[in-house]
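Note sheet for the following structure.
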Amino acid sequence: MRNIIFCLFGLLCSVLLSGCQQTADQGPVYKIGYMNCNSEQETRLRFAPLTRYLSEKVGVRFEMVPVDTQDFEDRFKKEEFAFTHTNSLLYLILRQDHDLQLVATEKRGQFGARTAGTIISRKDSGIRTLADLKGKRMIFGPQLAPSGYLAQYDLMLKAGIDPEMDLSYYAIPHGSFKHEKLIYAVYFGAYDVAAAPALDLEVMTREGKISADDFQIVAQSPIFPYCTFGAAKGVDPDLMKRFREALVLLTPEDTVDYNGEQVKVLKSAWVDGFEQLLDSDYDILRGMAKRANMPPYQEF
Amino acid sequence: MPVFDRHFWIVVVAGGLLGLIGVGLAVLGNPQNSGICISCFLENSAGALGLHGNQRMQYLRPELIGFVLGAVFSAAAGREFHSRGGSAPLLRFLSGVFLMIGCGVFIGCPIKLFLRLTAGDLTVLSGLAGLIVGVWFGLKGLAGGIHLGGGRQDPRGASGLWVPLFFLLLLFLLLLQPGFILFSTRGSGAQHAPLLLSLAAGLLLGGLAQRSRFCITGSVRDTFLMGRRTPLIWGLAAFILAAVGTNLAAGRFHPGFYGQPGAHLDYAWSFLGMLLVGWLSVLIGGCPFRQLIKAGEGDADAGLVVIGMLLGGGLVQAWGLAGTAAGVPLYGKVAVLVGLAFVAANSLLWRERVAEA
Amino acid sequence: MNRLLQDRFDRWHVLVLLLTTLGAAALLLTAGGGGDAAARSELNRQLEQDVAYRARIDFLQDLYRPVLDLEKSGARQQALLKLEEIGRRYPGEGYGFIIKGRILLQLDAVEEAVANYVEGVRLNGDFADRQGAFSAWNEIDQLVSKQLPSFSERARTHPDNASLKRVLNNLHYLQSRLAGGCE
């Protein structure tokens, strides 16, 4: 009987002590800068649960900061945030100019942690090859979009087509949802060809917005890494390691308590998971940026 | 060292031939490293009888039929066919089910464990450890007073006939192949050595195993009890040597942990699965192979284990409990733990306790 | 024998035994195509199973033909989009994963190609068979032979990289399935 009481006492102590580990409510706050894709509101909705999850898993407080693409480098330089979530071209720029460290790469779509850029035309347009692009009207994504601008620009240069000289006209749409807009622009005939990210084509097909039979894929770039989490060079290596582990181990079933609801973290962030790539995996994108005379290798 | 009498040599020959034929049947068409695997064969046979719907695991394995009928002939010839039974029937039946669960999670019976090991599959080491620990647990249980009661002799000779007759019926079904018996056209169920050769191998090994009393867990058990004095350890040594030699000769020896056929890397569950098999086997008097042989000798208790194993083979596939190269499924893990709880509970219930003064 | 026939009770039971046994044998021998439809269908389970399998082969080949045609013509991304469309109606079909794995491999998305092959084989072991209508043994074997050494080396030089470990585990799974054995 005495032994049983002793065991029960031990069990009670261990249960009570288990609540004594450090919680995320104490210690410093680390800010994560998230690059806005479409709008600040959308960024908050997508990444707030992920940020909460990271706080719980890593055991430190994280705060999300939505940042416009154009402002990202300046604000990072001012040390407004310790961690970054950007597209892969912005990662290259921050790594080249500010020693950003690679943490993890986002997985989304059929290429996983990688993506590609395509040039599309309407199926009935007669535009089949890159050579057919000469004299045509083309619509690109934003200039810092690796799969909506850089990849296609590079594809054309490699095929001997100068986008600045050989197209009759090219434009970049305004506002949010630029990638969807340019796909619709070709679909409705406003432009002859568009620089469409392979991921957007995939998602819109899956959602039934477009059909695979509507478009001709004139050309497609090699695959390169997708959106990327980075850490400023001063971040504690142990913290970065725990941050990375929390991301890489995330599964579609993981949930977090957000606004009183259990939210699926990955689904909420429109992400399939995270991979730990090597910085050398980004060399393919570096090559594209160099050939297209784009940041961080731009020469005037 | 044991006395080099006739029985010793029968055991050595039985072990050696089991190793040789075990690899040989795989060379002749049975699945890789599964020349002889009682649990896989029972899963296949259960599928052929329609007890599960995995279309890749349906074949009435002639070897199984051969084991039982070979034991019948051998026992009859040696006047050792004695109908007996009546000891803890439901416990034995359920034990048969759990034996198959343990084997299914590990992917193979104790014979296949050694066939895999002798082909270089090092993932079985945890299963081997589990089997040894399980046998040791079983021996501790027997020493602690667990006694399922001896099977009573059945002077009218009826009950011990039914399992051999059932396997005779299976033989007819195998030869006639009526439309309600299913045969895989793909997958491991479709991989088999020529029918008559498999049947002959089964008959030969069944007869020899009946004569020699050779079985894998029995070898481990007797080694714990008698060390090198038991002939069974030499039978096991002969089995291993023959299997390694044949694998080497056939170019089937590929040592390593990765890329092994029909293997997974869930070492803890391999350990627990085989622990369950070893523990149960000692308590009910033999591993799956030995149960088939005893059923052929007229032991209705072993016959019930065999029927339980056949049902277990169906359940393991129908409920998706079996381990695969991808690992052990959740419900397979739960089933192993339930099996271990079953053995522990019955060890308590069947223990003969000395009345305290 | 005499002991079995010692009185009227014994003789009656032996008679019943003989009559029922002979009756059953006669029924089996003379039944031919007789019996009701339900019984016939039960007796032809093997046929039903084989017909269902052949129908499945034909159906899937028809379903995925546009994808295979696009792949053959080199329109790989278009083929992937077509797969997405089919996936909306038939999600989780193993054949789709195998085709996707093959196309992704052609597009150098090796990690995802491996993951798709794994998914396909897990859903249907037919793809890892050496022979058969759906056998993808050769292409999976080539994939494993080519990628396993390089990923083993990368995983060795980056021991803390969980993603490389995941790919390596997937390759080992495929390697194990290619080796055969019981499932």
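The chain as shown is numbered from 1 upward.
Cβ coordinates come from backbone N, Cα and C, glycine included.
These come from TrEMBL:
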type	residues	note
TRANSMEM	B:7-28	transmembrane segment
TRANSMEM	B:59-78	transmembrane segment
TRANSMEM	B:90-115	transmembrane segment
TRANSMEM	B:127-149	transmembrane segment
TRANSMEM	B:161-183	transmembrane segment
TRANSMEM	B:189-209	transmembrane segment
TRANSMEM	B:230-249	transmembrane segment
TRANSMEM	B:269-289	transmembrane segment
TRANSMEM	B:301-322	transmembrane segment
TRANSMEM	B:328-350	transmembrane segment
Distant-in-sequence neighbours of the transmembrane segment (B:127-149), which means Cβ under 8 A and at least six residues beyond its ends: 87-88, 91-92, 106, 110, 113, 117, 216-217, 220-221, 224-225, 270-284, 346-347, 350-354
Any contact, the transmembrane segment (B:161-183) to the transmembrane segment (B:328-350), with at least 3 Cβ pairs under 8 A: no
For the transmembrane segment (B:328-350): best-contacting stretch of B:59-78, B:90-115, B:230-249, by Cβ pairs under 8 Å: B:90-115
Chain residues in Cβ proximity to the transmembrane segment (B:269-289) (below 8 Å; excluding those fewer than six residues from its ends, i.e. six or more beyond): 38-39, 42, 67, 91-92, 95, 98-106, 109-111, 113, 123-124, 126-139, 141-142, 146, 148, 209, 215-218, 220-221, 301-302, 305, 309, 323, 327-328, 332-333, 336-337, 339-340, 343, 346-347
In contact by Cβ distance (the transmembrane segment (B:7-28), the transmembrane segment (B:301-322); 3 or more pairs under 8 Å): no
For the transmembrane segment (B:90-115), distant same-chain residues with Cβ under 8 A (at least six beyond the ends): 18-19, 22-23, 26, 33-40, 42-43, 124, 127-128, 130-131, 148, 215-217, 236, 239-240, 243, 262-264, 269-270, 272-278, 280-281, 283-284, 287-289, 291, 301-302, 304-313, 315-316, 321-324, 328, 332-333, 335-336, 338-339, 342-343, 346, 350
